[in-house]
Amino acid sequence: MTKLANEMTIAEAARTLRARELTVRELWDACAEAAEARNSDLNAFLEIFDADDATIAAAQERIDANDSSLLCGIPLAIKDNILIEGKIASAASKMLENYRATYDATVIKKLKEAGALFFGRTNMDEFAMGSSTEHSAFGPTKNPHDTARVPGGSSGGSATAVAAHMAIAALGSDTGGSIRQPAAFTGLVGLKPTYGAVSRSGLIPLGSSLDQIGPVAKTVEDARILYDAIRGEDALDSTTIPDGLYSTNPPTGGSTHLRVGVPRHLLREGVEADVLTAFDATLESLVQAGHTLVDVELPTSSHALAAYYVVMPAEVSTNLARLDGMRYGFAKRGETLLDDYLLSRTEGFGEETRRRILLGTFVLSSGYIDAYYRKADAARMVLRREFEKAFEACDVIASPTTPSPAFTFGEKSNPLAMYLEDIFTVTANLTGMPAISVPMGTVEREGPSTSFDSAQDKSLGIKKQLPVGIHFTAPHQEEDALFTIGRSVEDSR
Amino acid sequence: MATTEEVKKLAALARIKIGEAELEKFTSEFDAILAYVGQLEKLELPKSGDEKPVLRNVMREDGGPHAGGTLTQKLVEQFPQREGDALSVKQIISHD
């Protein structure tokens, strides 16, 4: 074997396990060794689970019996807002630091049935609010490509865990780009499925009309394997959808040659020059591979981020109202019952969480709900119609995943600057359409002038290659088109 | 434009305490964020009315209950304070 076991993809590991060249135990131990060596520096995992002998033995038995589940015996990293029965699920918040999940999320149930192993729970921005993992109550996660930089967020721990080969693949959650942006920053593939494709039962909610659980993986094939395992209608989440709910017109360009829509008007400003160069080069390689490019206009897209930062905080303020220090979670006691609520919420929530709760309370308050929330909700519908219209002329719509590569710690201390990170990714959450980020090469950046800690100062002036991603959106339930175009991008590199 | 008074009031509604120092910071950040999302005001939206709603209600029959008491221990173990299987909270109505 030329590759270490922990560096394999799901597909490779599954093959090697079945060829009897590797055991489930050896695969687990390889991940554990990598985590032992790197996690204290990278802080990808909030907790690494002990190897469970019975589960490992059961997975090995299934493989020995040539079980067809490719995920059998594969160690996965799970974002800390997805419930695994008996394990802590803190959403990287002091509020839920000691909260132990009383049931399995539906995705966890499905993965257990598939024989997958859970390696650990990964760091994230508190309650998934952020784009850098700097808002975790338990310290930031570092980007393995340059430890002076963020891995993106909010699923930054999941991305770093996979990019640093401490787990074979991971689950993240995506409310405005939280799977795709960290995947782009760490050179991985990240998929935000169609809203309703994957059950949210057992996901600690952020914005319930936007949230989806999805894979963070090394390849498009791996993302597909994980997606296939977790998707499906679920009685425990009434927003899940049956197959074929949206009309599924076969892509007119044929299943392998797609029409790629490019909204040039959105790329004229704000995107860094070398990111745009990488994007254009990738599009060119897609043309070489037989796909065609189409100009598309999405005029309301320029307002998408504004609409998102109204809808999302509104849902945050509602969802997090349940955390009051009464029945579970962080509980601080004062003089009166009101003090109990105030103290528990003020000390339990971090700054960004409190900021968004207040914003949400504001946009929903009676004087402002028409100007902000209802307007944003209406804009969301217009945006969806625009995308549906655009998809009459193309099969997927492409953009860079982010305007720039991974930024340095503290670089986006202004909340609005951080919010602008999501500019290309939020539309898919607002429209409910599926979207994928696939690596499209690297760009070069110098070490930061002010670094995260003094030990990093030696990186000053050293040039690093940082991954960037290309982003595709498809119509509802057309994940297949995303996998096809994603594979094309991989093949061209 | 948000005022410190407004932010204070929102915080009270959201059951969050904000210190004086933090209040200034939050208010100015609020202004920047609201100025940004305020661009929505300029967005002209088509008149709606004949549009079919995209969302639909999903109903299901009541059914499949689990046996009583099977989850009780797991849930009460999370209580910050308890008396037996009961959640213990402050007295809300006082007698004096």
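Using the three backbone atoms N, Cα and C, a Cβ is placed for every residue, glycine included.
Small disclaimer: the values here were computed from a predicted structure and weren't measured.
Now, the feature entries from TrEMBL:
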type	residues	note
ACT_SITE	A:LYS79	active site, charge relay system
ACT_SITE	A:SER154	active site, charge relay system
ACT_SITE	A:SER178	active site, acyl-ester intermediate
DOMAIN	A:29-482	domain 'Amidase'
REGION	A:131-156	region 'Disordered'
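The DSSP secondary structure for A:LYS79 (active site, charge relay system) is strand. DSSP assigns A:SER154 (active site, charge relay system) to coil, not to a helix or a strand.
A:SER178 (active site, acyl-ester intermediate) is surrounded by 38 other CB atoms, counting those within 10 A of its CB over all protein chains shown.
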